[in-house]
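Among the features that TrEMBL reports, region 'Disordered' is placed at 1-27, 389-411. The transmembrane segment annotation in TrEMBL covers 69-90, 102-122, 163-182, 189-210, 222-240, 252-273, 285-305, 317-337, 343-361.
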Amino acid sequence: MEEAAAAAGAPRPADATADAEAADAADAADAAHAADAAEPSPGAAASSPRRLLALLGAKLCTWHIWKTVILGQMLSMFICGTAVTSQYLADRFNVNTPMLQSFINYCLLLLVYTTTLVFRTGSDSLCQILKQRWWKYLIVGLADVEANYTIVKAYQYTNLTSVQLLDCFGIPVLMALSWFLLRARYKLIHFVAVAICLLGVATMVGADILAGREEGEGSDVVIGDVLVLLAASLYAISNVGEEYIVKNLSRVEFLGMVGLFGTIISGLQLAIVEHKEIMKIQWNWKIALLFTAFALCMFGLYSFMPVVIKITSATSVNLAILTSDLYSLFIGLYLFYYKFSGLYIVSFVIIMVGFTLYCAAPPATAEPTAVPQPGHAGLDNAALKLEETDGESPEVAVQSSREETEVLSTN
């Protein structure tokens with residue numbers, strides 16, 4: 001019996017060999033799978049750059065960026081119209097009246113939007129706005145008037161494309177003001193994007209030198225460039241105020257008050273510094289048409305820009321409208337016989353790259369947070385709940401320190 005049991009419990013040699021071969025085959029299969037996992041196939045390696053490009057395209061080609069670009073192009077058309085008409089008046093008819101051109105625009109704003117405020121009642125009426133915020137609109141209106149004066153004056157000293165490209169200097173100024181006044185918080189990518197835009201400005205200056213712009217215009221080029229930089233800084237102040245008013249108050253209030261103070265300030269300045277220039281104008285239908293075109297383009301720009309700023313931000317709008325430089329360049333080639341340089345296109349591309357990077361990650365806004373008081377967490381939470389529901393919930397549950405739930409009536 002013991003021999004039989006021993007014979008039955010012992011494995012046969014053939015069975016042992018088969019088991020060993022199966023184990024070896026399983027180990028080989030596991031090793032092959034591990035090798036495949038460690039070394040991706042050539043197809044998978046080739047698809048990695050494609051996936052990276054797809055992710056980058058999905059990040060950049062978003063509706064937010066496209067919306068900003070499309071709306072910016074509409075503003076660019078207005079800006080290009082004001083730039084071309086100003087340059088044409090100065091070059092062809094020797095009309096140098098920047099304050100008169102701005103005064104006409106402010107009068108249109110006064111007639112349309114300030115009149116609307118006159119017929120309003122309550123806290124939105126013109127009288128109440130003047131009582132509460134008149135000095136704020138005085139600052140915004142003064143900055144806007146002087147920005148328009150200096151930018152139009154610059155067209156008399158420098159060429160059209162240089163004015164449009166140097167105007168992007170206001171972007172870093174605008175970002176700094178937005179940081180302190182609007183509590184905008186930027187990331188590294190935003191500063192890199194602005195640096196790229198400034199690199200585009202440097203490229204534009206190189207294009208002007210290669211095109212011989214400084215040879216024909218002498219020292220007046222420096223005056224024109226300084227005026228553009230000053231105007232860009234003043235525009236930044238005006239745009240920060242515009243963004244705050246549009247997002248917290250109303251578009252009509254901003255345009256109405258700017259029309260009111262802009263008309264007063266530009267009217268006084270017009271009587272002081274430009275009355276002699278106005279008397280020298282030899283009026284004809286061409287000059288009248290150019291004045292009308294400038295006024296309509298400026299009025300359209302002022303009326304539509306608050307809509308775009310409310311959707312995006314003042315900084316995004318200023319980056320988007322840099323595309324107007326390309327339109328101004330090609331129009332200047334035919335109307336003013338500019339000497340073309342390929343660096344103008346390079347500078348435009350560089351600025352567009354900076355704009356795309358900026359819009360890829362919209363800046364956040366720092367919001368003040370309330371710190372709960374120790375020992376009153378339950379009551380603070382109840383107050384927050386009441387504020388969120390705006391009195392819709394009839395009761396609020398409060399957790400006491402003894403882990404007991406109490407029900408408080410909100411009536």
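Each Cβ is built from the backbone N, Cα and C atoms, and glycine gets one as well.
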Which of 163-182, 222-240, 252-273 contacts the transmembrane segment (69-90) most, counting Cβ pairs under 8 Å:
163-182
Cβ-based contact of the transmembrane segment (163-182) with the transmembrane segment (222-240), 3 or more pairs under 8 Å:
yes
Does the transmembrane segment (285-305) reach the transmembrane segment (102-122) with at least 3 CB pairs under 8 A, where each pair is 6 or more residues apart?
yes
Top stretch among 102-122, 189-210, 317-337, 343-361 for CB pairs under 8 A with the transmembrane segment (252-273)?
102-122
Any residues 6+ beyond the ends of the transmembrane segment (317-337) with a Cβ under 8 Å from its own?
68-69, 71-73, 75-77, 79-80, 83-84, 87-88, 91, 159-161, 164-165, 168, 170-171, 174, 193, 197, 239, 305, 308-309, 344-345, 347-348, 351-352, 354-355, 358-359
If we call contact 3 or more Cβ pairs under 8 Å (sequence gap 6 or more), are the transmembrane segment (189-210) and the transmembrane segment (343-361) touching?
yes
Could you give the residue numbers and ranges of same-chain residues that sit at least 6 residues beyond the transmembrane segment (102-122) on either side and whose C-beta is under 8 angstroms from one of its C-beta atoms?
128-129, 145, 148-149, 152, 252-253, 255-260, 262-263, 266-267, 270, 291, 294-295, 298-299, 302
